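J.: Annotations per Swiss-Prot:
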BINDING   His328, Asp330, His371  Fe cation binding site
COMPBIAS  25-37  compositional bias 'Polar residues'
COMPBIAS  39-58  compositional bias 'Basic residues'
COMPBIAS  156-167  compositional bias 'Basic and acidic residues'
DOMAIN    188-405  domain 'JmjC'
REGION    23-121  region 'Disordered'
REGION    139-184  region 'Disordered'
Amino acid sequence: MAQNIPTKRQSAFGVFVKSKVKGPTIQQTGATKTPKTPSKIRRLSIRKSTRKIKHALKGKSGSQPVAAHKDMPVTQNTGQGEEGVKLKGYKMKTSPARVQEPQRTGSPEENSIGKGNIKTNIKGSQNVQAGQKFQERIATQHPQKRKPFGIEDSDDKTPVKRVRSDTAKSVQSPAKAVDVGEVEDSTEEAEKMFEWLIHPVKKEKFFSELWEKKPLLVKRHLESYNDGWFSTEDLTKILHENDIQFGRNLDVTTYEGGQRETHNPPGRANPAVVWDYYQNGCSVRLLNPQTYSQGVWRLCSTLQEYFSSMVGANIYLTPPGTQGFAPHYDDIEAFVLQLEGNFSQEEIGEAILDVTLEPGDLLYFPRGTIHQASALPDTHSLHITVSTCQRNTWGDLMEKLVPAALTMAFSEDVEFRQALPRDYLDYMGLANADLDDPRRKAFLETLQSLLSRLVNYVPVDAGVDQKAVEFMRDCLPPVFTKNERACSIYGCRTRLEKGRVVGSVDLKTSTPVKLIRKGAARLVMEGEQVFLYHVLENARVYHGAELQPIEVPPEAAPAIEYLMHSYPEYVTVDSFPLDHQQDKIDLAMLMFEKGIIIAQEPASVDN
């Protein structure tokens, strides 16, 4: 949001970056001549600017910056639970499905996965230029001296971290993994996915030096590195096979002469209509690709467990020589990969970095980065935006904690209930801010004392549980492998044959079970009640339905905690810490029927 962006900022990726790195301010310059660039590339610019955000965004374009929460692709539930269902001490807490427009994430540059070339040109730092020349000389004259995990900037104080990878061929893309076995540990799988995303940068270095601090550019020199997630063929298939609606699922836009226009007609986005807009210079944005693409669904659902925050995606297709979106910024962390074609960055200030993204390359930039991009004249551009950590800050957590702490303090501490001084209006307020009055000093000291004591009443764990429930409401459901599906409720072969039910589910006390994913469920206290929240009934459309938590008897809570803490190991139903065997089976059946747990072997039998 605008109030979170400082006056001084550094720009990155055709964007101005929310500056947390000291450096010179930015000056607006005229447009520069676009250098010759090869086919199938995407050029982006990282630049500096002294102009205020509103001037940088409105001065030329006349459009406001777009916050990530207004543009983020969405993923979530469609089904509703049964109202008032009771099951041996358990009942469903239900509410009607909430209809909500999909959120959208800014522009084609924000976060993307794709194919492209990155050509860097960092200005304003002789040390960086000297380092680049040295690295190029080493690479050409002494290739054996290259670092095994890439060549990095010689100066960590540069506005953008640049890394060249020579080991990408040795890394298997998760998009090409065979979908047969099971996810033994979803935490490890999520970590592997993120390591693949930022390879060859080590995750420890990424979070200590780059995360929320500065952009990262990785050149991999391997076009196939990002293959398998999405393609123009996938987009065509989605348009033909699904009810894609203009405005809700897809936008067609242009940005010319400083004016951004959305050209969405009402109704379904039929392929012939979409491609006609495209032929006439419109950019195409698919807002929720995870709803229709198995690959994007898997990418987002895996990474959301790594970040403990919603991960969204947008697809952007831009015709040659055009631009679809005005400069803007988003309140999310963004990862950019180019899939097809090229993208260039229009000059909007002194360049910190001019980049040409090639297939397989990565560009990360922190929240607050102002960005815009356009396709080069010789080819189209296709990329995916992957974004995370929206409304997932310390401030967002404190919004929940502070009101609850005040309520408790009012109840338990008499000083919070004492009246304000009868004459405090005489020396407090803006009109009295410069008064040298001892009463004013005493007032502020009392307030500071109360604020320091307020910390003692903060219900941290309860507040974190509320954040966890919000996260689960935003989550995508997990992607089941073939084996997992066979061992879950979704693989049961229960059916009616000749008037007789066969293939019923059979869980015994000896059956080994485990959670489908570590983050698939959350046990939460709400007043005197205990609820089990889960994401298994979430839809792949954002907020397609409300969560359907299960109210469980308090005595069942230790057994659920036992299952959670045992992950990723299988445990037998008999090992549940409950007094009666039937209670163990009832709890296991309830969680199995909701998809929260899976058995080690297929659980349905023909009877």
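Using the three backbone atoms N, Cα and C, a Cβ is placed for every residue, glycine included.
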J.: Identify, among the binding-site residues His328, Asp330, the residue whose Cβ has the fewest other Cβ atoms within 10 Å in this structure.
T.: His328
J.: Can you tell me the three-state DSSP label for Asp330 (Fe cation binding site)?
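T.: Reduced to three states, the DSSP call for Asp330 (Fe cation binding site) is coil.
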J.: Grab the pLDDT values for the domain 'JmjC' (188-405) and give me their mean, rounded.
T.: 88
